[in-house]
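Student: Quick one: structure below, then a few questions.
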């Protein structure tokens, strides 16, 4: 009885499926956008078990073409009729490109077309080989996904560098990171009807996140190309453990640390304010083994830090930029607004921030005449009401802090940052402006200081 | 202690123990606590230097941030050397400061210190007095360094003349260290040394 019912149900299902061809009701259907070279986009549900030939049957009528005249392009490759959808690494809401072969194109290149197909087959084999090595070696792409706001596995996609259309077939597979990251390395054939450059195109590679459902063609992820799978089993430079995923520094020796050690290292250098502001790259660090020319040139790698740490990174980077450009930072506690100043005028107003008006040289409240010792500025504040001095003194949190700061610190002779010496020698290096100064003389560090009172 | 640091030190400790330098008795390390944050090092004075035959003890403190920051190293054994403080044992060596790199290890640090003992850099001094003597009176420097090595590090070369001068000063109420420092820094001029101590 139950069997009979099942058979009837199946018949009904099949009948329904036949009726609603083009929009089949499939349980585990994959929603795919198919972008046509004519410009319109179709949203279709596809059965992962189907092959490309069946997809062409659905698409062809919408393009007003014979299924044989349709080319399906995905990730820089023309897909063969026999390829099954589930083997294509298509995610939910992925975009396929359908191109109608114009007669003028088919005819003169009919000889070529077979070679294109032959090429496609050999490419397919190559992909299979590549896929196998990838599976074996575990080589994957790591990306920072702005949607998930986290480290994710990424997938490589390609588009025409001119018209940004994905309807492009590449002539060769990228072999290295420079093929992928640098422009005009891999040539291809753009199938978009209205591409200003015509058929010849340079391929532009980009990445998508594998974890979340694609939010369209502009949903990109940033490649963290210094992250690699450690199939060579190289031990971490710092902790000497062999981890699965490693950070490969861009130095000649390609030094390797594990991700935990990279984070520890980056946070440490950040808190010590030892990042470097490079004109071309930005605020960054070099290889912990001290190699030359080893700056991390994709700052999204610092997204491996926590959100708070990354915010600190951004703040320090901004401050460094302001100081680098000859600006000052508002000294008011909790403000720190960066201000680009007119070097001929000592009066600086924090007009976009807290409104504090201060002296450019000593970073104390603005005053007329020469800068004095630290005390003057705070004393010059007018006191408008009369209080019990003893009680007021006890209740002044800020004053206690000020006293503590005044007693335990000395200002950096250049940027006036209050500096505490917790131990070690008298050679101070300002963590804010990198000035080398002497704790005893409070001037620039010199040979004399080194000879006479280096250690007190 | 941070996991990375202790793990690294553990490995480096083994590296030193197994190294050929240990086999030749030229370097040694010893753990002072269970969490690998404090160690005691020892290096042999390099041959053909005033330090030959001496054994020099080092204090090695491993910071939490190791290996991204250098270990803090100083001499526990008193030594007469332009780049090592004769008073505190503090060391002036670039790799222990800004030239430190995470790829360096306890072994390379100890070997670098040995190299520093063999070739002082008087233009980048830790001890200005020693550096001046090294440049102006190289012979006095050598015999003084030898005398320090024999006094504190078990070295073989002791100058009778120096010992007698020290005894003389001890006879008038100085202790031995005080007398040695004063005489050494005054290029073994008795009168100047007395003036320095009592003046």
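Just so you know, glycine gets a Cβ as well, placed from its N, Cα and C.
Curation does not apply to TrEMBL; its annotations are automatic.
Annotations per TrEMBL:
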{"type": "DOMAIN", "residues": "A:30-99", "note": "domain 'Ubiquitin-like'"}
{"type": "DOMAIN", "residues": "A:232-456", "note": "domain 'RING-type'"}
{"type": "ACT_SITE", "residues": "A:425", "note": "active site"}
Student: Per DSSP, what is the helix/strand/coil residue tally across the domain 'Ubiquitin-like' (A:30-99)?
Tutor: 19 helix, 27 strand, 24 coil
Student: So what's the mean pLDDT when you look at the domain 'Ubiquitin-like' (A:30-99)?
Tutor: 78
Student: What's the number of neighbouring CB atoms sitting within 10 A of the CB on residue A:425 (active site)?
Tutor: 20
Student: If H, G and I count as helix, E and B as strand, and all else as coil, what does DSSP give for the residue listed as 'active site'?
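Tutor: Note: the residue listed as 'active site' is coil by DSSP, not helix or strand.
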